[in-house]
Amino acid sequence: MPSYTVTVATGSQWFAGTDDYIYLSLIGSAGCSEKHLLDKAFYNDFERGAVDSYDVTVDEELGEIYLVKIEKRKYWLHDDWYLKYITLKTPHGDYIEFPCYRWITGEGEIVLRDGRAKLARDDQIHILKQHRRKELEARQKQYRWMEWNPGFPLSIDAKCHKDLPRDIQFDSEKGVDFVLNYSKAMENLFINRFMHMFQSSWHDFADFEKIFVKISNTISERVKNHWQEDLMFGYQFLNGCNPVLIKRCTALPPKLPVTTEMVECSLERQLSLEQEVQEGNIFIVDYELLDGIDANKTDPCTHQFLAAPICLLYKNLANKIVPIAIQLNQTPGESNPIFLPTDSKYDWLLAKIWVRSSDFHVHQTITHLLRTHLVSEVFGIAMYRQLPAVHPLFKLLVAHVRFTIAINTKAREQLICEYGLFDKANATGGGGHVQMVQRAVQDLTYSSLCFPEAIKARGMDSTEDIPFYFYRDDGLLVWEAIQSFTMEVVSIYYENDQVVEEDQELQDFVKDVYVYGMRGKKASGFPKSIKSREKLSEYLTVVIFTASAQHAAVNFGQYDWCSWIPNAPPTMRAPPPTAKGVVTIEQIVDTLPDRGRSCWHLGAVWALSQFQENELFLGMYPEEHFIEKPVKEAMIRFRKNLEAIVSVIAERNKNKKLPYYYLSPDRIPNSVAI
């Protein structure tokens, strides 16, 4: 009788093993086997991290093996089991790999196909077509769209983490508990003694050092020492944790009535302000999005305030960006003066602090939450709903949506919900952050997620004119490496554009993103369909780059740039000044966050800036969903390209007082998971 050797690999994460009964059935072209119990006498099967082998003898020849069915039945108490893969050695000596990388829960079962990636058109056998269809039908029942707030991109239909499908939950929910992590962070930073001191002001700037962790030769220490300087202020628009707002100014906006006379002390080329604009030396950052947003009113004992500043910047003769004019609200007038570097020291400093605070709000809610977290969740849900596990694009993308839906669900449960942690320390808490997302969705376009196009649209693409924009330089290198990789994968499975156009599962995936993620907005520019290999490669690059590089660039620098509270105040306790010459140091300190809010803020930026244990960085694919040699070779080339970029960035950063490393591939996690 024919005999098969079955190798079963159990996951190595916590609680991956099982004591339940595991049964296996083989389904082939010539028939199906009986159900076989996988069990070895006096042996503890399916332990965490184990690879177990079993001999399975069948009554008759099964022909070509199409499917492997695994069933789990209760032994004593139910325990979930994480199955990595099954390898089958046939009676003819052939080896067939069946990737799984999924949890089997309860009295569950799972049916696996071999690891060869297949488009729907490649499946001509009825049982394989049926398996493909049933998998998507089941997934679409599990992964349902839900509107969390009106106008938001749709998210997963789950009220809390435990409501999620087991396959996309965190291995241990405890590790991503925001309340626990923030509390731990404050304990690790030795600031928990201050965390309940709301309404208690700091005495002066030096007093903030009581909660500042001094680590020499770090960016955070340099920020603390130089945050008041115009050069440091300007540098952050290029290479801080929100390097996506600065634009080249092509015409001075009427709402900012600044004149040459006002700023002539800052201009170094003997040109008028209008001439400097024409020469491309003037830049602008406009926080119009914050105009009219409701400030946090959740604490009746503390009034909190927002501004909507406009900041004009200048490229000096050293090619450095420095501020030359700041207006703290959108409507010009006597009570909304334009602050200048020539004003009194504290007038100018407070104006810059207001800009930094506004930048923090836009960064957290729009640059970070909306444009990486929520967008990546949309891609993830659409992928699970429309691409079966055998589809090459599922195999390509699954590593880049790992834990994204889970972290967003935890955020909605604990962080950005009503009375959540976000409300504790942020002036946009209490609903302002929701209003901001609802506004910003209108500007969420496909082209703004295409990195080279986004840089060009802001007039920031010239390396000659703007030489110290490392976010742009490194981002382009990583974008090109990802695009080269996706084009290789696309070319392996789609021999021409027609195959792309006729792949209905791909088209359904793209349509799901457009209809539910972008809410069917034509102005978003998101494609409803994809008709060429080139456009498909670009689309996949957007998905991967957003989840990996873009998130890394705007997330992991938060402690570096925001831990010194005066450089990134999460709230302000007095309104913006309406006149010049009245600001004092005492007024500035009383405007900055109190001790309690400072500590909650510090705990947040520390926790959000930490890599996960066993982090998977860009190019690392330990789950072998692909088994074909051409794709594995493409992955090797991808990793080599990324290693070369790591070397380029390391060489540039040598001896730099302010190194830029957020887009070094060895520091870019594969997915949004924190």
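Cβ atoms here come from the backbone N, Cα and C positions, even for glycine.
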Which of Gly17, Gly151, Gly234 belongs with Asp79, Asp80 in the Ca(2+) 1 site listed by Swiss-Prot: Gly17
Which of Ile219, Ile246, Ile674 belongs with His368, His373, His551, Asn555 in the Fe cation site listed by Swiss-Prot: Ile674
Tertiary neighbours of Thr18 (Ca(2+) 2 binding site) (same chain, Cβ under 8 Å, six or more apart): Thr10, Phe46, Lys72, Asp79, Asp80, Trp81
Candidates Asp19, Asp45: member of the binding-site residues with the richest Cβ shell (10 Å): Asp45
DSSP-derived class (H/G/I helix, E/B strand, else coil) of Trp103 (site 'Essential for stabilizing binding to COTL1'): strand
Other same-chain residues whose Cβ falls within 8 Å of the Cβ centroid of Gly17, Asp79, Asp80, the recorded Ca(2+) 1 site, in sequence order: Phe15, Ala16, Thr18, Asp19, Asp20, Trp81, Tyr82
The one of Asn44, Asn555 whose CB sees the fewest other CB atoms within 10 Å, among these binding-site residues: Asn44
Gly17, Trp103, His368, His551, Asn555, Ile674 filtered to the recorded positions whose C-alpha is within 10 Å of Glu47 (Ca(2+) 2 binding site): Gly17
